[in-house]
(Lines of atoms letter the chains of each structure in order from A and count residues from 1; the text may use other names and numbers.)
(Lines give C-alpha, C1' and ligand atoms only; values in the text may rest on other atoms or scores of the structure.)
Protein backbone atom coordinates (compact mmCIF):
# COMPACT_ATOMS: atom_id res chain seq x y z
CA UNK A 1 0.00 0.00 0.00
CA UNK A 2 1.34 3.46 -0.98
CA UNK A 3 2.49 5.29 2.18
CA UNK A 4 1.30 8.62 0.71
CA UNK A 5 -2.34 7.50 0.70
CA UNK A 6 -2.89 8.18 4.40
CA UNK A 7 -1.93 11.83 3.92
CA UNK A 8 -4.13 12.47 0.87
CA UNK A 9 -7.48 12.93 2.67
CA UNK A 10 -5.97 15.79 4.67
CA UNK A 11 -5.38 17.61 1.38
CA UNK A 12 -9.08 17.45 0.44
CA UNK A 13 -9.96 20.45 2.61
CA UNK A 14 -10.24 23.59 0.49
CA UNK A 15 -10.88 21.68 -2.75
CA UNK A 16 -14.05 22.23 -4.78
CA UNK A 17 -15.69 19.52 -6.88
CA UNK A 18 -18.22 20.52 -9.54
CA UNK A 19 -20.72 17.68 -9.96
CA UNK A 20 -22.99 17.64 -13.01
CA UNK A 21 -25.49 14.84 -13.36
CA UNK A 22 -28.73 13.13 -12.49
CA UNK A 23 -29.90 14.15 -9.02
CA UNK A 24 -32.38 11.84 -7.34
CA UNK A 25 -34.11 11.25 -4.04
CA UNK A 26 -33.19 7.95 -2.37
CA UNK A 27 -35.80 6.70 0.08
CA UNK A 28 -35.34 3.66 2.31
CA UNK A 29 -38.22 1.89 4.03
CA UNK A 30 -37.11 -0.59 6.69
CA UNK A 31 -39.27 -3.22 8.26
CA UNK A 32 -39.70 -6.77 9.48
CA UNK A 33 -40.94 -9.65 7.33
CA UNK A 34 -42.50 -12.54 9.23
CA UNK A 35 -45.39 -13.62 7.02
CA UNK A 36 -46.57 -14.04 3.44
CA UNK A 37 -49.55 -12.10 2.14
CA UNK A 38 -52.79 -14.11 1.85
CA UNK A 39 -53.59 -12.09 -1.29
CA UNK A 40 -50.52 -13.17 -3.29
CA UNK A 41 -47.28 -15.14 -2.69
CA UNK A 42 -45.34 -12.05 -1.62
CA UNK A 43 -43.78 -11.04 1.73
CA UNK A 44 -45.52 -8.50 3.95
CA UNK A 45 -43.22 -5.79 5.32
CA UNK A 46 -44.22 -4.26 8.65
CA UNK A 47 -42.68 -0.80 8.30
CA UNK A 48 -40.51 0.28 11.24
CA UNK A 49 -38.49 3.21 9.89
CA UNK A 50 -38.26 5.44 6.81
CA UNK A 51 -35.32 7.58 5.73
CA UNK A 52 -34.55 9.78 2.73
CA UNK A 53 -31.29 11.16 1.37
CA UNK A 54 -29.58 12.62 -1.67
CA UNK A 55 -29.00 10.03 -4.38
CA UNK A 56 -27.31 9.78 -7.77
CA UNK A 57 -25.20 12.86 -8.50
CA UNK A 58 -26.47 14.22 -5.18
CA UNK A 59 -24.82 11.34 -3.37
CA UNK A 60 -21.53 12.06 -5.16
CA UNK A 61 -21.77 15.63 -3.87
CA UNK A 62 -22.70 14.42 -0.38
CA UNK A 63 -19.62 12.18 -0.34
CA UNK A 64 -17.43 15.08 -1.42
CA UNK A 65 -18.74 17.15 1.49
CA UNK A 66 -18.29 14.25 3.94
CA UNK A 67 -14.66 13.98 2.82
CA UNK A 68 -14.09 17.56 3.94
CA UNK A 69 -14.24 19.37 0.61
CA UNK A 70 -16.81 21.63 -1.06
CA UNK A 71 -19.26 20.27 -3.61
CA UNK A 72 -21.22 22.29 -6.14
CA UNK A 73 -24.08 20.28 -7.62
CA UNK A 74 -25.68 20.98 -11.00
CA UNK A 75 -28.82 18.98 -11.78
CA UNK A 76 -32.45 18.88 -12.77
CA UNK A 77 -35.57 18.55 -10.60
CA UNK A 78 -39.31 18.92 -10.99
CA UNK A 79 -41.60 21.25 -9.10
CA UNK A 80 -42.87 18.49 -6.82
CA UNK A 81 -42.54 17.16 -3.28
CA UNK A 82 -39.46 15.08 -4.12
CA UNK A 83 -37.75 18.10 -5.66
CA UNK A 84 -38.59 20.23 -2.63
CA UNK A 85 -37.22 17.51 -0.35
CA UNK A 86 -33.97 17.43 -2.31
CA UNK A 87 -33.56 21.20 -2.11
CA UNK A 88 -34.14 21.07 1.64
CA UNK A 89 -31.50 18.36 2.06
CA UNK A 90 -28.99 20.34 0.03
CA UNK A 91 -29.60 23.48 2.10
CA UNK A 92 -29.04 21.48 5.28
CA UNK A 93 -25.82 19.81 4.10
CA UNK A 94 -22.61 21.55 5.17
CA UNK A 95 -20.10 21.93 2.36
CA UNK A 96 -22.70 21.52 -0.39
CA UNK A 97 -24.12 24.11 -2.78
CA UNK A 98 -26.36 23.56 -5.80
CA UNK A 99 -27.62 25.12 -9.01
CA UNK A 100 -30.73 23.05 -9.71
CA UNK A 101 -32.64 23.66 -12.92
CA UNK A 102 -36.38 23.37 -12.18
CA UNK A 103 -38.68 21.94 -14.85
CA UNK A 104 -42.36 22.24 -13.77
CA UNK A 105 -43.41 19.59 -16.29
CA UNK A 106 -40.91 17.04 -15.02
CA UNK A 107 -41.05 14.44 -12.26
CA UNK A 108 -38.06 14.45 -9.90
CA UNK A 109 -36.30 11.10 -10.01
CA UNK A 110 -37.05 9.05 -6.90
CA UNK A 111 -35.93 5.55 -5.90
CA UNK A 112 -37.68 3.79 -3.04
CA UNK A 113 -36.02 0.71 -1.55
CA UNK A 114 -37.78 -1.69 0.83
CA UNK A 115 -35.34 -3.42 3.19
CA UNK A 116 -35.77 -6.14 5.77
CA UNK A 117 -32.77 -7.19 7.82
CA UNK A 118 -29.83 -7.36 5.43
CA UNK A 119 -31.99 -7.90 2.33
CA UNK A 120 -33.34 -5.40 -0.17
CA UNK A 121 -36.81 -6.78 -0.94
CA UNK A 122 -38.00 -4.36 -3.62
CA UNK A 123 -37.09 -1.13 -5.41
CA UNK A 124 -39.66 1.24 -6.88
CA UNK A 125 -38.49 3.93 -9.36
CA UNK A 126 -40.37 7.12 -10.21
CA UNK A 127 -38.62 8.97 -13.01
CA UNK A 128 -38.72 10.94 -16.25
CA UNK A 129 -35.89 10.04 -18.63
CA UNK A 130 -36.63 12.64 -21.30
CA UNK A 131 -33.81 15.11 -22.10
CA UNK A 132 -33.65 18.11 -19.80
CA UNK A 133 -32.90 21.73 -20.61
CA UNK A 134 -29.32 21.30 -21.79
CA UNK A 135 -28.70 24.99 -22.36
CA UNK A 136 -29.71 25.89 -18.81
CA UNK A 137 -27.64 23.05 -17.35
CA UNK A 138 -24.52 24.06 -19.29
CA UNK A 139 -25.00 27.71 -18.38
CA UNK A 140 -25.09 26.81 -14.68
CA UNK A 141 -22.08 24.52 -15.12
CA UNK A 142 -19.97 27.13 -16.88
CA UNK A 143 -20.84 29.75 -14.26
CA UNK A 144 -19.34 27.57 -11.53
CA UNK A 145 -16.46 26.02 -13.48
CA UNK A 146 -13.78 28.62 -12.79
CA UNK A 147 -13.90 28.06 -9.02
CA UNK A 148 -13.74 24.26 -9.27
CA UNK A 149 -10.64 22.08 -8.93
CA UNK A 150 -12.13 19.03 -10.62
CA UNK A 151 -15.34 17.99 -12.42
CA UNK A 152 -17.46 14.85 -11.97
CA UNK A 153 -20.04 13.82 -14.57
CA UNK A 154 -22.47 11.49 -12.80
CA UNK A 155 -24.58 9.81 -15.48
CA UNK A 156 -27.62 7.78 -14.46
CA UNK A 157 -29.37 8.15 -17.85
CA UNK A 158 -32.18 10.28 -16.39
CA UNK A 159 -32.02 13.07 -18.98
CA UNK A 160 -29.29 15.42 -17.73
CA UNK A 161 -26.15 14.16 -19.47
CA UNK A 162 -27.29 14.12 -23.07
CA UNK A 163 -24.55 13.84 -25.73
CA UNK A 164 -24.64 17.61 -26.22
CA UNK A 165 -24.36 18.37 -22.50
CA UNK A 166 -21.54 15.84 -22.04
CA UNK A 167 -19.62 17.29 -24.97
CA UNK A 168 -20.14 20.87 -23.82
CA UNK A 169 -19.09 20.10 -20.25
CA UNK A 170 -15.95 18.16 -21.18
CA UNK A 171 -14.85 20.76 -23.73
CA UNK A 172 -15.39 23.61 -21.26
CA UNK A 173 -13.53 21.76 -18.51
CA UNK A 174 -10.60 20.95 -20.79
CA UNK A 175 -10.38 24.57 -21.91
CA UNK A 176 -10.29 25.62 -18.25
CA UNK A 177 -7.66 23.00 -17.38
CA UNK A 178 -9.94 21.03 -15.03
CA UNK A 179 -9.70 17.22 -14.74
CA UNK A 180 -12.93 15.35 -15.52
CA UNK A 181 -14.03 12.11 -13.83
CA UNK A 182 -16.94 10.29 -15.50
CA UNK A 183 -19.29 7.76 -13.93
CA UNK A 184 -20.94 6.53 -17.17
CA UNK A 185 -24.28 5.05 -18.09
CA UNK A 186 -24.33 5.28 -21.88
CA UNK A 187 -22.96 2.28 -23.77
CA UNK A 188 -21.29 4.72 -26.17
CA UNK A 189 -18.14 5.53 -24.22
CA UNK A 190 -16.85 7.58 -27.18
CA UNK A 191 -19.13 10.39 -26.03
CA UNK A 192 -16.87 10.81 -22.97
CA UNK A 193 -13.76 11.37 -25.10
CA UNK A 194 -11.49 14.00 -23.60
CA UNK A 195 -12.25 13.14 -19.99
CA UNK A 196 -9.45 12.31 -17.56
CA UNK A 197 -10.89 9.03 -16.28
CA UNK A 198 -14.02 6.97 -16.84
CA UNK A 199 -15.29 4.67 -14.08
CA UNK A 200 -17.66 1.97 -15.39
CA UNK A 201 -18.71 -1.01 -13.34
CA UNK A 202 -18.25 -4.52 -14.76
CA UNK A 203 -21.75 -4.55 -16.33
CA UNK A 204 -21.31 -1.15 -17.97
CA UNK A 205 -17.87 -2.11 -19.27
CA UNK A 206 -19.23 -5.36 -20.73
CA UNK A 207 -22.13 -3.59 -22.44
CA UNK A 208 -19.80 -0.99 -23.96
CA UNK A 209 -17.03 -3.34 -25.10
CA UNK A 210 -18.72 -6.72 -25.55
CA UNK A 211 -16.06 -8.22 -23.26
CA UNK A 212 -17.53 -10.07 -20.29
CA UNK A 213 -15.28 -9.71 -17.25
CA UNK A 214 -14.47 -13.21 -16.03
CA UNK A 215 -10.83 -12.71 -15.01
CA UNK A 216 -8.10 -10.11 -14.57
CA UNK A 217 -7.03 -10.71 -18.17
CA UNK A 218 -10.55 -10.10 -19.49
CA UNK A 219 -10.77 -6.93 -17.43
CA UNK A 220 -7.45 -5.77 -18.91
CA UNK A 221 -8.85 -6.36 -22.39
CA UNK A 222 -11.98 -4.38 -21.53
CA UNK A 223 -9.88 -1.49 -20.22
CA UNK A 224 -7.81 -1.43 -23.40
CA UNK A 225 -10.97 -1.52 -25.52
CA UNK A 226 -12.43 1.45 -23.63
CA UNK A 227 -9.29 3.52 -24.21
CA UNK A 228 -9.41 2.60 -27.90
CA UNK A 229 -12.99 3.93 -28.14
CA UNK A 230 -11.98 7.37 -26.88
CA UNK A 231 -8.48 8.45 -27.99
CA UNK A 232 -8.58 11.52 -25.74
CA UNK A 233 -9.41 9.54 -22.60
CA UNK A 234 -6.48 9.11 -20.19
CA UNK A 235 -7.68 6.18 -18.09
CA UNK A 236 -10.46 3.72 -17.31
CA UNK A 237 -11.14 2.28 -13.86
CA UNK A 238 -13.40 -0.78 -13.99
CA UNK A 239 -15.06 -1.59 -10.66
CA UNK A 240 -15.58 -5.34 -10.36
CA UNK A 241 -17.41 -5.89 -7.09
CA UNK A 242 -15.82 -8.68 -5.07
CA UNK A 243 -13.02 -8.98 -7.64
CA UNK A 244 -11.80 -5.46 -6.88
CA UNK A 245 -10.89 -2.92 -9.55
CA UNK A 246 -8.79 -2.77 -12.70
CA UNK A 247 -7.09 0.48 -13.71
CA UNK A 248 -6.06 0.96 -17.34
CA UNK A 249 -3.95 4.07 -17.96
CA UNK A 250 -2.94 4.93 -21.51
CA UNK A 251 0.59 3.72 -22.33
CA UNK A 252 1.01 2.11 -18.90
CA UNK A 253 0.63 -1.48 -17.67
CA UNK A 254 -2.76 -2.23 -16.05
CA UNK A 255 -3.12 -2.34 -12.27
CA UNK A 256 -5.39 -4.74 -10.39
CA UNK A 257 -6.65 -3.71 -6.97
CA UNK A 258 -8.17 -6.40 -4.71
CA UNK A 259 -11.49 -5.74 -3.00
CA UNK A 260 -11.04 -4.39 0.52
CA UNK A 261 -14.49 -4.88 2.06
CA UNK A 262 -14.46 -7.46 4.85
CA UNK A 263 -18.26 -7.50 5.19
CA UNK A 264 -20.65 -6.27 2.50
CA UNK A 265 -24.01 -5.09 3.75
CA UNK A 266 -25.31 -2.68 1.09
CA UNK A 267 -23.79 -1.61 -2.24
CA UNK A 268 -26.27 1.26 -2.74
CA UNK A 269 -24.32 4.37 -3.77
CA UNK A 270 -20.89 2.73 -3.56
CA UNK A 271 -20.04 3.93 -7.07
CA UNK A 272 -20.79 7.50 -5.99
CA UNK A 273 -18.34 7.19 -3.09
CA UNK A 274 -15.68 5.88 -5.46
CA UNK A 275 -16.28 8.73 -7.93
CA UNK A 276 -16.08 11.39 -5.20
CA UNK A 277 -12.86 9.94 -3.80
CA UNK A 278 -11.27 9.66 -7.23
CA UNK A 279 -12.09 13.28 -7.98
CA UNK A 280 -10.71 14.62 -4.71
CA UNK A 281 -7.56 12.53 -4.89
CA UNK A 282 -6.86 13.84 -8.39
CA UNK A 283 -7.60 17.40 -7.24
CA UNK A 284 -5.16 16.89 -4.34
CA UNK A 285 -2.37 15.99 -6.77
CA UNK A 286 -2.44 12.19 -6.57
CA UNK A 287 -1.44 10.04 -9.51
CA UNK A 288 -4.25 8.08 -11.15
CA UNK A 289 -2.89 4.91 -9.54
CA UNK A 290 -2.94 6.52 -6.08
CA UNK A 291 -6.42 7.92 -6.70
CA UNK A 292 -7.66 4.46 -7.68
CA UNK A 293 -6.12 2.86 -4.58
CA UNK A 294 -7.74 5.41 -2.29
CA UNK A 295 -11.09 5.09 -4.07
CA UNK A 296 -10.86 1.32 -3.69
CA UNK A 297 -10.48 1.71 0.07
CA UNK A 298 -13.41 4.14 0.19
CA UNK A 299 -15.60 1.72 -1.74
CA UNK A 300 -14.72 -1.06 0.70
CA UNK A 301 -15.71 1.15 3.61
CA UNK A 302 -19.07 2.28 2.26
CA UNK A 303 -20.42 -1.14 1.26
CA UNK A 304 -20.13 -2.20 4.90
CA UNK A 305 -22.63 0.52 5.84
CA UNK A 306 -26.40 0.58 5.75
CA UNK A 307 -28.22 2.31 2.87
CA UNK A 308 -26.84 5.10 0.69
CA UNK A 309 -24.11 6.24 3.07
CA UNK A 310 -20.88 8.25 2.91
CA UNK A 311 -17.26 7.89 3.96
CA UNK A 312 -15.59 10.59 6.04
CA UNK A 313 -12.05 11.88 5.70
CA UNK A 314 -11.26 10.51 9.18
CA UNK A 315 -12.47 7.03 8.23
CA UNK A 316 -10.50 7.08 4.99
CA UNK A 317 -7.34 8.32 6.69
CA UNK A 318 -7.59 5.60 9.33
CA UNK A 319 -8.19 2.96 6.68
CA UNK A 320 -5.26 4.08 4.55
CA UNK A 321 -3.03 4.25 7.63
CA UNK A 322 -3.63 0.62 8.59
CA UNK A 323 -1.06 -1.99 7.62
CA UNK A 324 -3.20 -3.64 4.98
CA UNK A 325 -5.56 -0.74 4.35
CA UNK A 326 -8.56 -2.84 5.38
CA UNK A 327 -11.82 -1.30 6.61
CA UNK A 328 -11.88 -3.78 9.49
CA UNK A 329 -8.74 -2.14 10.92
CA UNK A 330 -10.61 1.09 11.70
CA UNK A 331 -11.09 0.65 15.41
CA UNK A 332 -11.06 4.11 16.99
CA UNK A 333 -14.27 6.05 16.38
CA UNK A 334 -16.18 8.96 17.84
CA UNK A 335 -19.63 8.35 19.28
CA UNK A 336 -21.53 9.14 16.07
CA UNK A 337 -19.30 6.98 13.87
CA UNK A 338 -19.48 4.16 16.39
CA UNK A 339 -23.27 4.34 16.42
CA UNK A 340 -23.38 3.74 12.66
CA UNK A 341 -20.92 0.87 12.89
CA UNK A 342 -22.94 -0.78 15.66
CA UNK A 343 -26.16 -0.38 13.65
CA UNK A 344 -24.48 -2.20 10.78
CA UNK A 345 -23.30 -5.02 13.05
CA UNK A 346 -26.74 -5.40 14.56
CA UNK A 347 -28.44 -5.41 11.17
CA UNK A 348 -26.22 -8.37 10.24
CA UNK A 349 -27.31 -10.27 13.33
CA UNK A 350 -23.97 -9.94 15.17
CA UNK A 351 -23.87 -10.09 18.98
CA UNK A 352 -22.40 -6.85 20.34
CA UNK A 353 -20.42 -6.76 23.58
CA UNK A 354 -19.28 -3.80 25.68
CA UNK A 355 -16.74 -3.25 28.42
CA UNK A 356 -15.01 -0.15 29.70
CA UNK A 357 -12.12 1.16 31.72
CA UNK A 358 -9.12 3.49 31.90
CA UNK A 359 -6.63 0.91 30.55
CA UNK A 360 -3.77 3.20 31.53
CA UNK A 361 -0.85 0.76 31.54
CA UNK A 362 -2.07 -2.34 29.72
CA UNK A 363 -1.18 -5.50 31.66
CA UNK A 364 -2.04 -9.25 31.52
CA UNK A 365 -5.14 -8.68 33.63
CA UNK A 366 -6.51 -6.28 31.03
CA UNK A 367 -5.69 -8.67 28.21
CA UNK A 368 -7.44 -11.53 30.00
CA UNK A 369 -10.57 -9.47 30.64
CA UNK A 370 -10.73 -8.35 27.00
CA UNK A 371 -10.23 -11.91 25.75
CA UNK A 372 -13.06 -13.16 27.96
CA UNK A 373 -15.27 -10.28 26.82
CA UNK A 374 -14.65 -11.06 23.16
CA UNK A 375 -15.41 -14.74 23.75
CA UNK A 376 -18.90 -13.70 24.88
CA UNK A 377 -19.78 -11.77 21.70
CA UNK A 378 -19.10 -11.31 17.98
CA UNK A 379 -17.99 -7.67 18.16
CA UNK A 380 -16.48 -6.01 21.24
CA UNK A 381 -16.69 -2.28 21.98
CA UNK A 382 -14.34 -0.82 24.59
CA UNK A 383 -15.47 2.41 26.24
CA UNK A 384 -12.27 4.28 27.17
CA UNK A 385 -12.14 7.08 29.74
CA UNK A 386 -10.63 10.30 28.36
CA UNK A 387 -7.64 11.87 30.12
CA UNK A 388 -9.94 14.32 31.94
CA UNK A 389 -12.18 11.50 33.09
CA UNK A 390 -9.23 9.40 34.32
CA UNK A 391 -7.78 12.33 36.28
CA UNK A 392 -11.13 12.90 37.94
CA UNK A 393 -11.40 9.24 38.94
CA UNK A 394 -7.76 8.40 39.73
CA UNK A 395 -6.18 11.70 40.74
CA UNK A 396 -4.03 14.42 39.11
CA UNK A 397 -1.04 12.14 38.42
CA UNK A 398 -3.08 9.91 36.14
CA UNK A 399 -3.24 8.84 33.42
CA UNK A 400 0.33 7.82 32.74
CA UNK A 401 -0.47 7.41 29.03
CA UNK A 402 -2.50 9.97 27.10
CA UNK A 403 -5.88 8.90 25.71
CA UNK A 404 -4.71 8.57 22.09
CA UNK A 405 -1.89 6.26 23.13
CA UNK A 406 -4.21 4.16 25.27
CA UNK A 407 -6.74 3.95 22.43
CA UNK A 408 -4.05 2.94 19.93
CA UNK A 409 -2.76 0.13 22.16
CA UNK A 410 -6.29 -1.22 22.71
CA UNK A 411 -7.09 -1.02 19.00
CA UNK A 412 -4.04 -3.16 18.22
CA UNK A 413 -5.57 -6.12 20.07
CA UNK A 414 -7.43 -8.73 18.03
CA UNK A 415 -10.01 -9.04 20.80
CA UNK A 416 -11.07 -5.40 20.41
CA UNK A 417 -13.27 -4.33 17.50
CA UNK A 418 -14.03 -0.72 18.41
CA UNK A 419 -12.68 1.86 20.89
CA UNK A 420 -14.86 4.83 21.86
CA UNK A 421 -13.67 7.58 24.22
CA UNK A 422 -16.03 9.04 26.81
CA UNK A 423 -15.72 12.07 29.10
CA UNK A 424 -18.32 11.17 31.69
CA UNK A 425 -17.59 9.51 35.04
CA UNK A 426 -19.37 6.35 33.89
CA UNK A 427 -20.09 4.75 30.49
CA UNK A 428 -23.86 4.77 31.09
CA UNK A 429 -24.65 7.04 28.12
CA UNK A 430 -22.56 4.85 25.79
CA UNK A 431 -24.35 1.76 27.04
CA UNK A 432 -27.73 3.39 26.44
CA UNK A 433 -26.66 4.48 22.94
CA UNK A 434 -25.12 1.17 21.81
CA UNK A 435 -27.52 -1.20 23.65
CA UNK A 436 -24.98 -4.06 23.82
CA UNK A 437 -26.21 -7.64 23.95
CA UNK A 438 -23.48 -8.44 26.49
CA UNK A 439 -22.03 -6.14 29.17
CA UNK A 440 -18.70 -7.33 30.63
CA UNK A 441 -16.86 -6.24 33.79
CA UNK A 442 -14.38 -7.88 36.15
CA UNK A 443 -15.48 -10.27 38.87
CA UNK A 444 -14.53 -7.71 41.52
CA UNK A 445 -17.99 -6.29 40.75
CA UNK A 446 -21.38 -7.86 41.35
CA UNK A 447 -24.03 -7.78 38.66
CA UNK A 448 -25.94 -5.17 40.67
CA UNK A 449 -22.94 -2.82 40.95
CA UNK A 450 -21.97 -2.89 37.26
CA UNK A 451 -22.91 0.47 35.74
CA UNK A 452 -25.61 -0.05 33.13
CA UNK A 453 -26.50 -3.57 34.21
CA UNK A 454 -30.10 -2.55 34.91
CA UNK A 455 -30.36 -1.06 31.41
CA UNK A 456 -28.92 -4.12 29.67
CA UNK A 457 -30.90 -6.64 31.70
CA UNK A 458 -34.01 -4.51 31.17
CA UNK A 459 -34.05 -5.10 27.43
CA UNK A 460 -33.06 -8.76 27.68
CA UNK A 461 -29.28 -8.45 27.49
CA UNK A 462 -26.70 -10.30 29.54
CA UNK A 463 -24.11 -9.22 32.12
CA UNK A 464 -20.88 -11.25 32.30
CA UNK A 465 -18.35 -11.02 35.15
CA UNK A 466 -14.88 -11.92 33.87
CA UNK A 467 -12.42 -13.82 36.04
CA UNK A 468 -9.57 -11.71 37.37
CA UNK A 469 -5.84 -12.42 37.19
CA UNK A 470 -4.64 -11.99 40.75
CA UNK A 471 -2.04 -9.34 41.51
CA UNK A 472 -2.54 -7.44 38.26
CA UNK A 473 -3.39 -3.73 38.49
CA UNK A 474 -2.15 -0.47 37.02
CA UNK A 475 -1.89 1.05 40.51
CA UNK A 476 0.45 -1.76 41.64
CA UNK A 477 2.53 -1.38 38.47
CA UNK A 478 3.00 2.34 39.07
CA UNK A 479 3.89 1.72 42.73
CA UNK A 480 6.58 -0.80 41.76
CA UNK A 481 7.95 1.57 39.12
CA UNK A 482 8.22 4.35 41.70
CA UNK A 483 9.80 2.19 44.44
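Using the three backbone atoms N, Cα and C, a Cβ is placed for every residue, glycine included.
Per Swiss-Prot, region 'Ribokinase' is recorded for 1-327.
Under the heading ATP binding site, Swiss-Prot lists 201, 202, 203, 204. Counting every protein chain shown, the Cβ of residue 201 (ATP binding site) has 21 other Cβ atoms within 10 Å. DSSP assigns residue 201 (ATP binding site) to a strand in the three-state reduction.
Around residue 272 (active site), taking its Cβ as the centre, 30 other Cβ atoms fall within 10 Å, counting all chains. If you look up Swiss-Prot, you'll see 272 marked as active site, on the strength of sequence analysis.
As annotated by Swiss-Prot, region 'Cytidylyltransferase' applies to 354-483.
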Rounded Cα-Cα span from residue 272 (active site) to residue 201 (ATP binding site), Å: 11
Candidate with sparsest Cβ neighbourhood (10 Å radius) among 202, 203, the listed binding-site residues: 203
Residues satisfying Cβ distance under 8 Å from residue 204 (ATP binding site), sequence separation of at least 6: 184, 185, 187
Between residue 272 (active site) and residue 203 (ATP binding site): CA-CA distance (Å): 16
